[in-house]
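Everything below concerns the one structure shown next.
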Amino acid sequence: MADAPVPITEWPDYTVTPTGGDVMTQDLNALYNKGDLCWMLVCTCLCWQITPAIGFLYAGMHRKKAALTMIFQSLFCACACGIQFWVYGYSLYQSHTTGPFIGDLSLAGLHNVLAYPSLANPDIPDILYACFGFTFVTCTAMILAGAMLERGRLWPSMLFLLCWTTFVYYILAYWEWNPSGWLYKLGVYDFAGSGPVHIASGFAALAWAIMLGRRKDPHNESLHHKLPHFRPHDPFLVGLGTILIWFGWFAFNGASTANLSMRSIYVVVNTNLAACGGGIAWVLLEYTYSKKFSIIGFCSGIISGLVGITPAAGFVPVYVAALIGALTSCCSFMTVKYKHLIGVDEGLDIFAIHGVGGYVGDVLTGFFAAKYVPALDGRSNAYDGGWWDHNWKQMGYQLAAATVCASWSFFISIILLFIIDRIPGCHLRASEEDELRGLDYKYFHDVDKSTEVLYGYDTATATPGRAGTRSGSASAEEMGVQAVPAKQD
């Protein structure tokens, strides 16, 4: 373990360009353990891939005519949310001197962010934690982006994502992760972002789906007679995206200790076991109902397990990690199974997996937390554990925090969407023609219009009711039209 950093009050002003820069640089580099710096930097690079991986996952779950839109959104989130994070985002939730509800702009543009000990852990410098935190906001925005599913206009969607991160993500992140935040002071346990990341994005996705309304289905192709549900066009992409997400999640959770310690290793083990438990639980439940397996279901279960362990990974014993993943997966599965009861067309199950899964994970964290697990990082010795350690009030704190995050995200999202929808030229829903033809054809040059015919549209002329190509006829598979099996209950 590295020596304790010099208190901030005794630090020189490193924002001033030093004379004799070589000496100053050596002093800065000597302040921190190189192992901590390497661990955090490598994990930051691995975390970044989660954002495009979610794009692959969502693209595979879409119908082919709107798959490229999700790849585009993942790149947009990585770029635009990254710029926003630099301009003011990091300052809003990691300001060093602020009140209980929101940060200030003292670190805007990463001004004064260099080698001061970070608020997350004095073992690493502020600039490194900022680098790591950037990956959180981009993947959170991308989780939410899937809610525009095949019928949301691209420009208003991008505007909403930037507004949402400003008024929802950064505020909730401040409440839970900044030592001045009121939920942090209350004593809430959220190791790697259940509230600001999963609960917030899940409930915002529900709000977005409500505001957009159901998808059109003029040809009665839905696999479910009560709610629009269409077969994903590429399970291979779904599997690839899940593999990359699982890999990146080791870094997402593991580096949230903000140093390299025994707790980091413990967190990675917990993360893996929860993913395993979640995947197995979903597959068993699915087989019980349908007598068949599903790649989509297996991937959904794995991600549900990862979501459930996110708030708990640095607090719970290793022998309950698989159980937490399995319980979260079961709750998410049952939400998906009966989602038609609420009648909302949220086809990627963001609400079920991230919203409900994150809520369950928060509660299970309060139940299973053990005081010795946080202490494995050599610094976090002030935790009292959860229900198992007879800290009964922790369950109340966790329930309160989960409910606050869900409510804030849902209602602020509804307000933002309502306002954006009424800005001239920013209505949320695509036209019926664009929706039926496909968002990819509306927005991207990359689509091969000479060979693809989708849902009764001649792509050469965009004329409804004609199904043909420039060079002969096309099969049903080439046209993107799926055979309609018996409707599901």
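Heads up, residue numbers simply count up from 1 along the chain you see.
Even glycines carry a Cβ here, placed using N, Cα and C.
Annotated in TrEMBL:
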{"type": "TRANSMEM", "residues": "39-59", "note": "transmembrane segment"}
{"type": "DOMAIN", "residues": "39-444", "note": "domain 'Ammonium transporter AmtB-like'"}
{"type": "TRANSMEM", "residues": "66-87", "note": "transmembrane segment"}
{"type": "TRANSMEM", "residues": "127-147", "note": "transmembrane segment"}
{"type": "TRANSMEM", "residues": "154-175", "note": "transmembrane segment"}
{"type": "TRANSMEM", "residues": "195-213", "note": "transmembrane segment"}
{"type": "TRANSMEM", "residues": "234-252", "note": "transmembrane segment"}
{"type": "TRANSMEM", "residues": "264-285", "note": "transmembrane segment"}
{"type": "TRANSMEM", "residues": "292-310", "note": "transmembrane segment"}
{"type": "TRANSMEM", "residues": "316-336", "note": "transmembrane segment"}
{"type": "TRANSMEM", "residues": "348-370", "note": "transmembrane segment"}
{"type": "TRANSMEM", "residues": "397-420", "note": "transmembrane segment"}
{"type": "REGION", "residues": "463-489", "note": "region 'Disordered'"}
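Touching of the transmembrane segment (234-252) and the transmembrane segment (292-310) is concluded from the presence of at least three CB pairs under 8 A, sequence neighbours closer than 6 excluded. A contact between the transmembrane segment (195-213) and the transmembrane segment (39-59) is absent, since fewer than 3 of their C-beta pairs, 6 or more residues apart, lie under 8 Å.
Against the transmembrane segment (154-175), the recorded stretches 39-59, 127-147, 316-336 differ in Cβ pairs under 8 Å, and the greatest number is found for 127-147. Just going by CB pairs under 8 A, the stretch in 66-87, 264-285, 292-310, 316-336 that sits most against the transmembrane segment (348-370) is 316-336. Same-chain residues lying 6 or more positions outside the transmembrane segment (292-310) and placing a CB less than 8 Å from one of its CB atoms are 57, 61, 191-194, 197-198, 232, 235, 238-239, 241-242, 245-246, 249, 252-253, 270-271, 273-283, 286, 321, 324-329, 332-333, 336, 349, 353-354, 357-358, 360-361, 364. If one looks beyond the transmembrane segment (264-285) by at least 6 residues along the same chain, the residues whose Cβ comes under 8 Å of a Cβ in the stretch are 39, 191, 246, 249-250, 253-257, 293-294, 297-306, 308-309, 312-314, 316, 318, 321-330, 332-333, 373, 376-377.
Residues 48, 51-52, 54-56, 58-60, 108-110, 133-134, 137-139, 141-142, 145-146, 148-150, 154, 157-158, 161-162, 165-166, 233-234, 237, 438-440, 443-444, 446-447 of the same chain, all 6+ positions outside the transmembrane segment (66-87), place their C-beta atoms under 8 angstroms from a C-beta of that stretch.
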